[in-house]
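J.: One structure coming up, written as structure tokens, with questions to follow.
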Amino acid sequence: MDSRLALATEEPIKKDSLKKYKILCVVLLALLVIVSLGLGLGLGLRKPEEQGSCRKKCFDSSHRGLEGCRCDSGCTGRGDCCWDFEDTCVKSTQIWTCNLFRCGENRLETALCSCADDCLQRKDCCADYKTVCQGESPWVTEACASSQEPQCPPGFDLPPVILFSMDGFRAEYLQTWSTLLPNINKLKTCGIHSKYMRAMYPTKTFPNHYTIVTGLYPESHGIIDNNMYDVHLNKNFSLSSVEKSNPAWWSGQPIWLTAMYQGLKAACYYWPGSDVAVNGSFPTIYRNYSNSVPYERRITTLLQWLDLPKADRPSFYTIYVEEPDSAGHSSGPVSAGVIKALQSVDNAFGMLMEGLKQRNLHNCVNIIVLADHGMDQTSCDRVEYMTDYFPKINFYMYQGPAPRIRTRNIPQDFFTFNSEEIVRNLSCRKPDQHFKPYLTPDLPKRLHYAKNVRIDKAHLMVDRQWLAFRSKGSSNCGGGTHGYNNEFKSMEAIFLAHGPSFIEKTVIEPFENIEVYNLLCDLLHIEPAPNNGTHGSLNHLLKTPFYKPSHAGELSTPADCGFTTPLPTDPLDCSCPALQNTPGLEEQANQRLNLSEGEVAATVKANLPFGRPRVMQKNGDHCLLYHRDYISGYGKAMKMPMWSSYTVLKPGDTSSLPPTVPDCLRADVRVAPSESQKCSFYLADKNITHGFLYPAIKGTNESRYDALITSNLVPMYKEFKKMWDYFHEVLLIKYAIERNGLNVVSGPIFDYNYDGHFDAPDEITQYVAGTDVPIPTHYFVVLTSCKDQTHTPDSCPGWLDVLPFIVPHRPTNIESCSENKTEDLWVEERFQAHAARVRDVELLTGLDFYQEKAQPVSQILQLKTYLPTFETII
């Protein structure tokens with residue numbers, strides 16, 4: 001068939017079909033319009049009463065205004081409920097908010113909260129009643145309030161304090177997701193917030209919550225982990241056991257008891273320890289923990305406590321929510337689950353602020369929102385198994401990101417278990433090993449994690465996002481977790497605060513959560529119990545600080561070590577051929593130790609720009625030894641300097657170290673021989689040699705002899721001295737260039753009982769062989785520079801910057817796996833691992849720094865509690 005013919009015959013058929021389709025569409029459209037108009041007109045003409053709405057008629061048995069339907073409690077059984085009965089009368093009792101349908105409702109006795117007209121008088125309104133039903137603007141949209149005085153209703157003489165914990169809310173969440181969290185973001189905008197708050201190690205829930213309310217390190221308050229064993233109790237503690245309610249585990253004085261002991265009342269809607277009879281007492285009001293109670297119930301109950309009569313009303317409140325921690329564990333920190341959890345806690349916080357505003361308390365209450373720790377991603381591909389290191393596992397291991405190892409056979413073998421062998425067998429086993437084993441006394445001092453029998457001696461510091469397990473399949477490994485090194489950025493927690501006592505619209509520098517307890521006491525105008533915080537270090541958060549700190553008074557003033565003779569009465573088995581082989585040179589060198597008053601003033605100005613360290617030890621017999629390039633505080637009993645101080649300016653382009661002077665040591669003629677070390681002390685001990693506390697890294701060759709004297713000697717393990725020398729010869733110069741000069745204070749530390757405080761003489765257990773010269777457990781170095789680096793440290797008009805280190809003094813460098821490595825590959829990392837606060841140095845040495853710096857004491861305390869960090873990855 002011809003194709004043109006086929007096309008011609010098909011064309012009329014297509015046109016007929018199209019015409020029918022158009023007609024059908026028009027007819028259907030017309031019918032749709034007619035039906036719509038009919039329904040609209042019919043419903044519009046129907047009277048409102050005939051619709052049978054239950055609005056304002058819920059459970060009313062009179063049936064007034066209802067035709068053909070009912071709103072009483074029996075309508076469901078009869079099947080004659082009005083169309084909106086379920087939404088208006090049933091679901092309204094199951095929500096915590098008002099809506100336009102609920103406003104003015106009949107009082108629903110089973111409702112969670114009320115939107116009835118009399119709810120304000122009855123004090124049972126939903127938190128948003130005034131916003132929804134009376135047209136007030138919500139708290140979240142209002143401008144930031146500003147006032148020097150509390151805006152409190154009658155009966156609130158002291159602003160209440162609310163401590164709100166959001167478990168596992170890491171600081172980065174607030175930066176990343178703040179636009180999704182309108183309520184918390186408003187608090188951040190109007191109040192104060194820190195870049196982060198540092199959790200204590202291990203970064204776990206119970207240890208950190210209890211630290212926040214006691215101001216104590218976990219080693220001090222006893223809750224050293226979520227799981228632990230106490231050999232004296234012979235019991236195990238866990239979050240799922242009844243033992244967690246045994247007061248024997250809980251030491252210290254939580255803030256609710258501090259408040260109660262001083263005449264205030266306290267109420268806790270959950271907080272680790274609040275449902276335990278610590279010291280025999282519970283908070284005034286508390287609830288036994290249950291994670292099934294909705295956040296809205298917790299918020300509503302706290303608001304009801306604020307409604308109590310003045311005589312019964314608490315001054316301090318805690319509230320705790322489990323998110324976003326729970327979502328972080330199950331989904332990991334970067335997940336939709338965490339975002340949803342963050343929004344749920346933001347809604348809960350918004351509900352609290354709406355409820356406070358409804359009571360006119362939103363600018364009266366001092367509220368702190370914080371977290372206990374952060375969260376990090378984990379994976380089953382990033383797990384270290386002990387079965388890869390031991391042929392047979394014959395020990396018990398607390399697994400995860402902060403593992404501890406102890407004997408299985410408890411209590412019999414608890415104290416005889418060979419932790420040293422465990423640590424030795426786990427040290428430097430693989431080039432890509434993702435943990436470092438430590439005996440707890442050797443852990444970085446900034447962790448304060450050693451002095452408690454519940455802290456097992458063998459400990460692993462695990463790399464970020466890695467886990468350590470006993471064997472494969474022994475625990476869950478996916479999702480997220482926490483517990484890691486508290487310097488990891490992923491472990492950083494939030495801190496926000498708002499209220500009449502706090503400054504406004506300010507970002508503050510990071511601080512540690514041990515400081516929160518003292519802050520809470522200041523807000524409540526009460527005296528804190530002894531704690532590990534530094535009282536006054538957070539005064540800059542407050543408009544009018546309650547506590548005014550002052551410098552500590554010196555307990556031992558320096559004695560005189562005067563120059564009496566240019567030649568020693570006893571050479572102390574020392575020799576310096578370069579001086580002694582030429583008549584008069586040794587006497588000439590010793591005369592340099594006899595400084596005039598003007599020379600003393602000049603060296604003090606240059607080398608002690610912030611004042612000499614004060615000695616806080618009783619019977620700390622010492623004297624000051626002045627030199628042109630350094631000054632020492634010489635400890636007579638220990639026969640070595642307690643500290644040396646000197647300033648290293650930024651070197652010029654052509655500067656170099658003075659040449660070394662080999663085999664040269666001489667007696668310091670200013671110190672009695674009986675109070676001096678002999679050069680022969682180090683001949684018998686092959687593992688120990690002498691080091692110089694002041695390393696003579698500046699000045700002329702002539703001034704270098706000022707350092708080669710017995711009063712500058714300190715005992716050092718030979719392997720440690722390699723690291724010490726590299727630090728002073730290379731890193732110190734590097735830091736001086738970076739910071740435009742440094743003031744350096746260094747010295748020995750004795751902490752044989754590893755309690756974080758200086759030892760009494762009878763606690764020191766190791767000495768240079770055959771002598772009474774004690775061997776330090778650590779050495780400290782405090783580097784101070786000017787924050788404004790256009791100034792040098794000896795002429796700094798403003799804030800200072802500090803970089804302190806407390807380095808364990810050990811016979812080997814196995815911590816750094818340094819074998820076959822040059823110092824440039826490991827020394828700086830080793831020092832950074834042992835960075836500390838100035839306050840840590842003070843506690844370990846009995847010294848007190850910066851007393852002559854012209855700055856308010858509270859600002860000096862900020863400096864002393866600052867911890868340098870070197871982590872940049874989250």
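Yeah, the Cβs are placed from backbone N, Cα and C, and that goes for glycine too.
Below are the features listed in Swiss-Prot for this protein:
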type: DOMAIN; residues: 51-93; note: domain 'SMB 1'
type: DISULFID; residues: Cys69-Cys71; note: disulfide bond
type: DISULFID; residues: Cys75-Cys81; note: disulfide bond
type: DISULFID; residues: Cys82-Cys89; note: disulfide bond
type: DISULFID; residues: Cys98-Cys115; note: disulfide bond
type: DISULFID; residues: Cys103-Cys133; note: disulfide bond
type: DISULFID; residues: Cys113-Cys126; note: disulfide bond
type: DISULFID; residues: Cys119-Cys125; note: disulfide bond
type: DISULFID; residues: Cys144-Cys190; note: disulfide bond
type: REGION; residues: 160-544; note: region 'Phosphodiesterase'
type: BINDING; residues: Lys204, Asn226, Asp275, Tyr289; note: ATP binding site
type: CARBOHYD; residues: Asn236; note: N-linked glycosylation site
type: CARBOHYD; residues: Asn279; note: N-linked glycosylation site
type: CARBOHYD; residues: Asn288; note: N-linked glycosylation site
type: CARBOHYD; residues: Asn425; note: N-linked glycosylation site
type: DISULFID; residues: Cys428-Cys817; note: disulfide bond
type: CARBOHYD; residues: Asn532; note: N-linked glycosylation site
type: DISULFID; residues: Cys561-Cys623; note: disulfide bond
type: DISULFID; residues: Cys574-Cys679; note: disulfide bond
type: DISULFID; residues: Cys576-Cys664; note: disulfide bond
type: CARBOHYD; residues: Asn594; note: N-linked glycosylation site
type: CARBOHYD; residues: Asn687; note: N-linked glycosylation site
type: CARBOHYD; residues: Asn701; note: N-linked glycosylation site
type: CARBOHYD; residues: Asn820; note: N-linked glycosylation site
J.: Helix, strand or coil by DSSP: which one applies to Cys679 (disulfide bond)?
T.: helix
J.: At a C-beta cut-off of under 8 Å, are there same-chain residues at least 6 beyond the domain 'SMB 1' (51-93) that contact it? List them, or none.
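T.: Distal contacts: 101-102, 104-106, 108, 110-112, 115.
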J.: Take the C-alpha atoms of Asn532 (N-linked glycosylation site) and Asn236 (N-linked glycosylation site) and report the distance between them in angstrom, rounded.
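T.: Roughly 26 Å, rounded to the nearest whole number.
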J.: Give the number of CB atoms, excluding that of Cys75 (disulfide bond) itself, located within 10 Å of its CB.
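T.: Around the Cβ of Cys75 (disulfide bond), 17 other Cβ atoms lie within 10 Å.
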J.: Would you mind checking how many other C-beta atoms are within 10 angstroms of the C-beta on Lys204 (ATP binding site)?
T.: 26
J.: According to DSSP, collapsed to three classes, what secondary structure does Cys126 (disulfide bond) have?
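T.: Going by the DSSP assignment, Cys126 (disulfide bond) belongs to neither helix nor strand, so it counts as coil.
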J.: Please report how many Å separate the Cα atom of Cys561 (disulfide bond) from that of Asn594 (N-linked glycosylation site), as a whole number.
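T.: About 11 Å separate the Cα atoms of these two residues.
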J.: Nearest by CA distance to Cys817 (disulfide bond): which of the binding-site residues is it, out of Lys204, Asn226, Asp275, Tyr289?
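T.: The answer is Lys204.
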J.: Which has the fewest other CB atoms in a 10 Å radius around its CB: Asn226, Asn279, the listed recorded positions?
T.: Asn279
J.: List only the single closest residue to Cys574 (disulfide bond), chosen from the recorded positions Cys144, Lys204, Asn236, Cys428, Cys623 by CA-CA distance.
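T.: Nearest by Cα distance to Cys574 (disulfide bond): Cys623.
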J.: Look up Cys428 (disulfide bond) in the DSSP assignment and reduce it to helix, strand or coil.
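T.: Where Cys428 (disulfide bond) sits, the three-state DSSP reduction gives coil.
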J.: I'd like to know the mean pLDDT over the domain 'SMB 1' (51-93).
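T.: The average pLDDT of the model in the domain 'SMB 1' (51-93) works out to 82.
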J.: Same chain only, sequence gap of 6 or more: which residues have a CB within under 8 Å of the CB of Asn236 (N-linked glycosylation site)?
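T.: Looking at Cβ-Cβ distances below 8 Å from Asn236 (N-linked glycosylation site), excluding near sequence neighbours, one finds Asn227, Met228, Tyr229, Glu243.
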J.: Which residues of the same chain, at least 6 positions away in sequence, have a Cβ lying under 8 Å from the Cβ of Cys115 (disulfide bond)?
T.: Ser92, Cys98, Asn99, Arg102, Cys103, Gly104, Glu105, Cys125, Cys126, Tyr129, Val132, Cys133
J.: Measuring Cα to Cα across Lys204, Asn226, Asp275, Tyr289, which the record gives as the ATP binders, how far apart are the two most distant ones in Å?
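T.: With Lys204, Asn226, Asp275, Tyr289 as the binding residues for ATP, the largest Cα distance is 19 Å.
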J.: Highest Cβ count within 10 Å among the glycosylation sites Asn532, Asn701, Asn820: which residue is it?
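T.: Output for this query is Asn532.
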J.: Across all chains shown, how many C-beta atoms besides its own are within 10 angstroms of the C-beta of Cys119 (disulfide bond)?
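T.: The answer is 21 other Cβ atoms.
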J.: If you measure from the Cα of Cys144 (disulfide bond), which of the recorded positions Cys81, Cys89, Lys204, Asn226, Cys664 is the nearest?
T.: Lys204
